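S.K.: Following this message is one structure expressed as structure tokens.
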């Protein structure tokens with residue numbers, strides 16, 4: 001039934017009768033706020049009471065927005081629209097008293113109120129003067145709403161809120177009233193945290209866990225504060241892509257620097273608070289007392305345990321000492337017995353050798369002229385060096401119990417056997433040397449002037465160079481070859497392959513062949529320097545055993561001690577070499593001086609040879 005209002009005075013009421021048509025079926029689509037509420041409840045699977053609570057919440061927010069009182073900004077009309085970036089946007093909209101806590105509804109309501117009050121059209125209608133374009137102060141209101149209505153831009157402005165206190169209390173300020181000074185500082189800085197439920201500073205009754213959680217949170221503070229609002233250049237003003245990239249790069253660098261300064265400020269705040277916190281001092285004292293008590297208890301338990309172990313250890317040490325003394329005594333007796341046997345053997349050999357010399361001397365060395373006598377003396381000395389004790393005793397018995405002819409025959413037979421043995425050894429060594437030379441020639445191709453004509457001087461020079469440039473020298477064989485080419489008098493140029501081949505063949509030589517090489521070199525030395533060979537034709541010389549110069553090679557440890565001593569005692573140190581010798585056990589002053597000279601000569605020779613190799617390589621380049 002449709003009810004219409006009654007007609008006004010002076011108007012007539014007309015009744016129109018229309019013919020009603022037959023009923024028809026039509027589709028009706030539900031709309032309206034009540035249907036919307038029904039759909040929300042169904043989608044949330046909520047009851048009507050829940051929806052009523054939601055509606056009440058929205059109504060309460062709207063009522064709060066309506067109750068919000070805006071503060072008039074007295075400097076609003078004096079603001080420069082061109083300098084809008086330096087204005088306080090909250091104060092412009094009248095929200096200076098709520099600032100970052102203002103909701104979007106409040107910001108929107110504040111903007112609406114400011115528009116209704118300060119819109120240029122309304123002021124123009126009221127007769128107020130209006131500036132043209134964007135020069136009117138109303139532009140500042142528009143910019144403020146533009147910044148605060150956008151969550152990203154609002155976050156950027158909140159990060160540089162001009163009313164925020166960035167100061168950090170010093171240690172002296174909080175010496176007596178720590179909680180009153182630092183509590184509000186941490187409270188206002190907690191707004192920058194990305195994490196919710198920021199822990200409070202607490203009081204003197206806070207537990208260790210709460211205090212530790214508080215400082216752990218702030219030492220690992222995760223701040224959302226950023227400084228894009230302070231960018232000096234706006235990339236939107238760039239004329240080209242390159243300029244926009246340059247502006248973005250400059251802005252990123254500036255933001256990163258300001259972010260670093262902000263984190264340093266937070267770190268300084270936490271450091272100052274931690275150093276002044278009386279609870280930290282209390283916890284440290286409690287921890288120290290606890291550790292001291294535990295330490296004393298452990299020390300007492302350790303002392304008792306140590307006493308028991310010490311008694312057992314002393315008993316074990318005594319048993320070990322007795323066993324060791326017994327073992328050492330046995331070893332000493334064995335060594336003494338071995339030394340006695342060795343001395344007896346040595347004396348017996350020496351006695352038999354002297355007896356052989358005397359027997360031969362008594363028979364005038366079985367010779368009638370001086371030349372044969374000298375030759376026989378050499379052969380006798382050879383027998384003394386080569387024969388064993390049993391052979392010497394047997395030969396001496398024959399000489400002592402036989403006639404001159406029988407003794408001479410026995411002596412000559414023994415000499416012949418020794419010479420034959422030496423000859424065989426030499427032939428075997430020569431065969432090995434020839435085989436080694438053939439192998440070396442095969443490995444080097446069997447040609448080249450460097451693989452032949454190795455004189456005695458070149459062999460000695462090679463041995464000297466190998467000793468002078470030990471393994472580990474950079475380009476060792478090239479350096480050795482260059483050294484030989486510089487110092488060799490043969491004029492034959494040697495390559496690194498020639499030197500390597502000859503060095504390998506020398507390593508395979510028999511010891512007697514090495515002695516022959518050294519002997520030939522010494523004979524040449526005597527010939528060049530005019531050293532006359534001296535021989536006593538009257539009697540064989542006697543050899544006396546006495547102290548000789550220590551030719552023991554220097555070990556790595558001794559070398560290190562020598563080098564350290566040379567650094568410790570400089571040249572101007574009085575009695576320098578005596579002190580150096582004391583620092584190197586087992587070495588005399590002469591040993592240290594001789595080793596030092598060898599090292600100096602070795603370094604000089606290495607430098608010279610390496611310079612030659614370097615110059616040669618540069619010349620080839």
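Here the Cβ of each residue, glycine as well, is placed from N, Cα and C on the backbone.
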S.K.: Region 'Disordered' per Swiss-Prot sits at which of 358-389, 390-421, 422-453, 454-485?
M.R.: 422-453
S.K.: Of the residues 63, 490, which is given the phosphoserine tag by Swiss-Prot?
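M.R.: Swiss-Prot records phosphoserine at 63.
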S.K.: Report which of 49, 159, 505, 541 appears in Swiss-Prot with the annotation phosphoserine.
M.R.: 49
S.K.: Going by Swiss-Prot alone, which of 47, 193 is annotated as phosphoserine?
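M.R.: Record annotation (Swiss-Prot, phosphoserine): 47.
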S.K.: Please list residues from the chain of residue 183 (phosphoserine) whose Cβ is under 8 angstroms from its Cβ, counting only those at least six apart in sequence.
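M.R.: Residue 183 (phosphoserine) has long-range Cβ partners 200, 201.
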S.K.: Going by DSSP, how much of the region 'ZRF1-UBD' (160-250) is helix, how much is strand and how much is coil, in residues?
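M.R.: Counts, helix then strand then coil: 43 helix, 2 strand, 46 coil.
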S.K.: How many of the residues that make up the domain 'SANT 1' (449-511) does DSSP mark as helix, as strand and as coil?
M.R.: 41 helix, 0 strand, 22 coil
